[in-house]
Every structure is written in C-alpha cells, then in structure tokens.
Amino acid sequence: MEWTTIESDPGVFTELIETIGVKGVQVEELWSLDQLKELSPVYGLVFLFKWKKEPVRPAVTTDSGQVFFAKQVITNACATQAILNILLNVKTPGLDLGTELANFREFVSDFDPTMKGLAISNSDLIRAAHNSFARPEPLVPDDDKDDEKSGDAYHFISYVPVGDKLYELDGLQEGPIELCDCSDDDWLDKVGPHITARMERYAASEIRFNLMALVGNRVEIYGSRLAAATAQRDQLAAVAAAGGISDEALAQAQAKLLEAETEVANLQEALAAEQAKHRTWHDENVRRKHNYVPFLFQLLKLMAARGQMASLLERARRPAAVGGGNGMKQ
C-alpha cells in the first residue's frame, strides 16, 4: 500500500502522533526560535524546505549506535519519518511512546538505517496513521498538477540532541550527521545557526520554509501547573483566614495569596486557550478527512432538477468586468 502526501500542519502531526499511541507530546509551529523558550520541554525540531539535490554528507561514526536513525526508502513519508526520528530518540519520563512504538524501537534496535526505514514502511500502524490524513477527494486540484509539472519537492529533516551531541537526521543521507557538542540546557541555542545556514543556502531562490517543534503536551503541562497553583492558593487562603498571627504576618500572607490568585487566573486562561486550540485542530482534521464530493454532486443534481443550473452557469461565464466580480454595478 502506498503512502500518500499529507499536509504540513501542527494539528495534523499532533493527531498523527496520538494515533500512533504516543502521549505527552504535541507539535508547535514556530515563527521565531525565541518561541522555544516558552515551550519547554522541547524534544526536537522538524524543518521543512524545498528540496534540491545535494552531495551526500559524511555520517557520524563515533557514538552513532546510540542514535536512532532510519533512512527514507519510500516517497511521501518524510514528514512522518522526521517525527519518528525524534520520538524514537527521546527517553524521558514525560513522553510515553506507547506499547506499539516502544516495542517497535526495541525490535529494530540492531537494524541498520536502511532496514529501519523498511521496517517503518512496513508498519501497518504507522502507515495507517499517516494515510488517515490523505485527502479523500478523487479530483486532483490544478495547483497540485502544476507542482507535479514543475517538479517541486519538499523535504523534512530533524534536529535532536542525543547524549551530549546535536544531530541532524535527514532520511536521504546515509546516517546521522553530528553538528556540535551540546547539553540539554544549551542545544536550542546551538541549533539556531545550523538552521539559519541551511535557509541561507537557498535564500536566493526560495523563501518557503517551515519550522516546527515537538514539545510537551501543553494541556497536560498547564493542567499540572494549575493544580499545583490552586493547592498553594488554597493553603495560603487557609492561613490568612485562620487568624492568630501578627498583623505583619497576615499582610505577608495576603500579599502571597494575591500573587497565587493571579497565577491561578493566568494558568486558567492559558489552559483554556490551549484546549481551544486542540479543539480547533480536531475540527480542522475532521474536515480534512471528510469527502465532500458526494455532497457537491448531490447538490448540483438538486439544483439542476429545480432548473437553477442554467442561470448559474450563465453568470459564471460572464467576464468579470461586466459584473465587477462582486455583484455591484460599475
């Protein structure tokens, strides 16, 4: 079964990850690397760019055994593979791979990069999750046809820290590419110049880039912080209401209570905004997966049966200048 092209969108990738069974992670689109400071923990970055043939770069040889890396052996799967190349290198309590993906990582641990790529391509779970976001329409839009004629191709690569090294994971290369030394605290500062350098490589002819981050699930993070802040607020409120303390101590308790109430309100607002974003992602994904063609065909049949098609076709054929394109007189 073939792998289909899917849209590059954080809501798509977040639901894809959840469908595979991974918990505790979501994907965020970045407009600036400065955003990363507000999104901790960050597990890795995915960079999308217009692909141009490049020479094969030397893969790392030292410590490469500890890095999960799968070569891309099938078309249209580079986005999913770039995400997997990050997820399967993360070993922290905050991210749960789920039983299926954890078993998959153990099963392919001794495979070479090509065999790991083949294992991904043959995984029913991963392929089904990926293909669930394929557009169901049987008609191919004109812009897609134009892209095929022009030969434009887009590619995803990953940036991820493993051990004390920062790696670039490109499924079209022979192996992981070691970029520099790093730590969990400074890798986000060190990855910036490498991404900027890659963008500048194409700056003369291309401005379409996309950068996304795999981060901790913000709903879970804000929910945990809110629970802790609420407990602290309630404790401070109990102290302030109990009495039996000096006026100075009471004033300090009330000031801390005010700060705690402000923190609770801010977290409630952040949690509500994040929950709304996830609902929007879900609604958009439902619309992406729905096949509207039968509805449109039935609508056209009903309009034809009521004799409404002729006038609509005539209006559609009129030059834009006659009607102004908006129904207003010129």
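Yeah, the Cβs are placed from backbone N, Cα and C, and that goes for glycine too.
Segment annotation: TrEMBL labels coiled coil over residues 250-277 (candidates 82-109, 222-249, 250-277). Away from its own ends, the coiled coil (250-277) comes close to residues 218-219, 222-223, 225-226, 229-230, 232-233, 236-237, 239-240, 243 of its chain (Cβ-Cβ under 8 Å, at least six residues beyond either end).
Separating the Cα atoms of H155 (active site, proton donor) and Q72 (site 'Transition state stabilizer') is a whole-number distance of 11 Å. Spacing of D170 (site 'Important for enzyme activity') relative to Q72 (site 'Transition state stabilizer') is 8 Å (Cα to Cα, whole number). Along the domain 'UCH catalytic' (2-216), the predicted structure has mean pLDDT 85.
For the recorded positions shown (Q72, H155, D170), fewest C-beta neighbours within 10 angstroms: H155.
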